[in-house]
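What Swiss-Prot says about this one:
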- Glu44, Asp69, Asp96, Asp118: S-adenosyl-L-methionine binding site (BINDING)
- Asp118: active site (ACT_SITE)
- Lys122, Asp154, Thr193, Glu194, Tyr195, Glu196: substrate binding site (BINDING)
- 124-129: region 'Interaction with RNA' (REGION)
Amino acid sequence: MRVRNRKGAGEMLAENAHIVVENPADFKGSWSERFGNDHPIHIEVGCGKGAFITGMAALHPEINYIAIDMQLSVLSYALDKAIEADLPNVQMMLVDGAALSEYFADGEIDQVYLNFSDPWPKGRHEKRRLTYKSFLATYEKILRPEGEIHFKTDNRGLFEYSLVSLANYGMELKKVWLDLHQDEEFAPQNVMTEYEQKFSQKGQVIYRLEAKFLPKK
C-alpha cells in the first residue's frame, strides 16, 4: 500500500515508543517480556493502515500481535488505530519484512499473516513476492514447529503463484478459499483490511489460504 508522506509521522512514532519498538532486534528471543505475558505471538507482514491487526487484537486479547511495515506514513496510520482502541496486545515495527530473522528467535512466532501483499507481477521481481521461497524459509525459521501462514489477496495471479510456491516448499495447504466473501461460515469472523473493505464492496473476489509448515524428514 503506497500512501503520501504524512507530515509528523516520524515524530508520532517516536512519541509512542510503548507501541512502536525503536530497536526491535533488542527483543529477539524476549518478545514475551516486551508484552509482559507468554501469550502466543502473531505477526502481520505489511500491515497497511492497521484495520486488520487492531481488529484481530480487539477480538483476541489472549493473543499478542505485532504489526510490521517498512513505510513510515503507513505505519503511522496503523498507530492511530492502535492508540484509539487502547490495545495492550499490539506492538509495531518499522522494518523490512525480508529481515525478520534479525528480530525474532527461532520458533518465537506462532502465526504469520500476509494480507494483500504487493503482487510484483513482473517475472524479474519474483524474489520480492512475500510468498517466494526465501521469504518462506524466513517464516519457517521464526515460526514454531508446524506454524501457520494465513494469506489473503485479490490478485488471482499472486494467489495461484502462492499456492504453487507453498506446495513446492513442502507446506500443507489446510484450507483454500476461491471466493472468501461467499463463504457464509467464515465471512462473519473475517476481519478485513482497509483495502479489502474497499474492493469487496465493488464485487472484487477475495482469495484466502491457510497453510502450515511440516516437520523436516
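We count from 1, first residue shown onward.
From the backbone N, Cα and C atoms, a Cβ is placed for every residue, glycine too.
Swiss-Prot feature annotations superimposed on the structure.
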{"residue": "Glu44", "record": "S-adenosyl-L-methionine binding site", "DSSP class": "strand"}
{"residue": "Asp69", "record": "S-adenosyl-L-methionine binding site", "DSSP class": "strand"}
{"residue": "Asp96", "record": "S-adenosyl-L-methionine binding site", "DSSP class": "coil"}
{"residue": "Asp118", "record": "S-adenosyl-L-methionine binding site", "DSSP class": "coil"}
{"residue": "Asp154", "record": "substrate binding site", "DSSP class": "coil"}
{"residue": "Thr193", "record": "substrate binding site", "DSSP class": "coil"}
Thr193 (substrate binding site), number of other Cβ atoms within 10 Å: 25
Least buried by Cβ count (within 10 Å) of the binding-site residues Asp69, Asp96, Asp154, Glu194: Asp96
The region 'Interaction with RNA' (124-129), counted residue by residue under DSSP: helix, strand, coil: 5 helix, 0 strand, 1 coil
Cα distance (Å, whole number) from Asp118 (S-adenosyl-L-methionine binding site) to Thr193 (substrate binding site): 14
Max CA-CA distance, Å, over listed S-adenosyl-L-methionine-binding residues Glu44, Asp69, Asp96, Asp118: 14
Cβ packing number for Glu196 (substrate binding site), 10 Å threshold: 23
Mean of the pLDDT scores, which run from 0 to 100, over the region 'Interaction with RNA' (124-129): 97
